[in-house]
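Feature annotation from TrEMBL assigns [4Fe-4S] cluster binding site to 186, 193, 196, 202. Residues or ranges marked as domain 'HhH-GPD' by TrEMBL: 37-184. Marked as region 'Disordered' by TrEMBL: 225-248.
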Ligand code: SF4
């Protein structure tokens with residue numbers, strides 16, 4: 001299983017050499033806020049919302065002093081906007097009061113912040129601080145179970161199993177590759193098995209569409225000509241940037 005898992009990772013690295021977080025951010029604070037907003041919505045929707053949010057509140061101090069109703073209006077498109085406003089106000093106040101207005105770069109500090117769980121902390125550590133982290137979101141959990149790396153449903157247990165299979169240096173990129181694959185090919189309801197480059201390594205081949213022609217039609221994003229989720233993608237990203245809110 002371990003050998004096969006590592007081969008899957010190598011294969012994914014070839015398919016998605018440009019895998020990256022799909023949230024737009026310019027600093028750790030923006031990534032932390034964007035990750036909190038990404039609960040129960042798409043990264044695209046978050047990316048369409050954060051430019052106005054960070055224009056209004058560029059720092060934790062600014063955000064902590066926000067008028068809640070004004071912030072709710074800005075983040076309304078991401079859903080659960082009242083709860084998310086509450087989280088962001090608490091989070092930015094804690095950054096201001098306990099961490100000198102800076103996002104801390106340690107897991108044990110990050111998870112103390114209101115509304116920040118292990119998944120969010122690992123996203124921030126891996127992508128804003130270069131500290132290896134495995135991010136177990138819904139895509140990651142689904143795919144590693146399809147690949148029989150584990151049967152665990154609990155994200156913390158999944159993280160521990162996967163951490164035992166791969167060296168730390170692979171953790172962050174592995175997380176991006178798996179999520180890319182989950183979003184683009186190995187979908188929750190209809191995986192495009194017939195168009196999947198890792199089909200020969202996958203114990204769940206056949207769970208989705210195996211006819212190559214029909215499977216290709218299920219592909220999304222750059223493979224089907226659709227944009228990725230970022231409005232400001234990294235320079236090596238082969239897809240088109242996503243449209244701004246209201247533009248399409
Ligand atoms: S073969 Fe099917 S189930 Fe397996 S990774 Fe590919 S799309 Fe997912």
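The count begins at 1 with the first shown residue.
Backbone N, Cα and C atoms are what each Cβ position is placed from, and that goes for glycine too.
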I need the neighbours of the [4Fe-4S] cluster site defined by 186, 193, 196, 202. Which other residues of that chain put their C-beta within 8 angstroms of the C-beta centroid, in sequence order? 146, 185, 191, 192, 198, 199, 204, 205, 207, 208
Return the single residue from the binding-site residues list (186, 196, 202) that has the minimum number of other CB atoms within 10 Å. 202
Return the average pLDDT for the domain 'HhH-GPD' (37-184) as a whole number. 94
Using DSSP, break the domain 'HhH-GPD' (37-184) down into helix, strand and coil residues and give each count. 101 helix, 0 strand, 47 coil
Quick note, residue 193 ([4Fe-4S] cluster binding site): same-chain residues at least 6 apart with CB under 8 Å of its CB -> 199, 202, 205, 206, 207, 208, 209, 210, 215
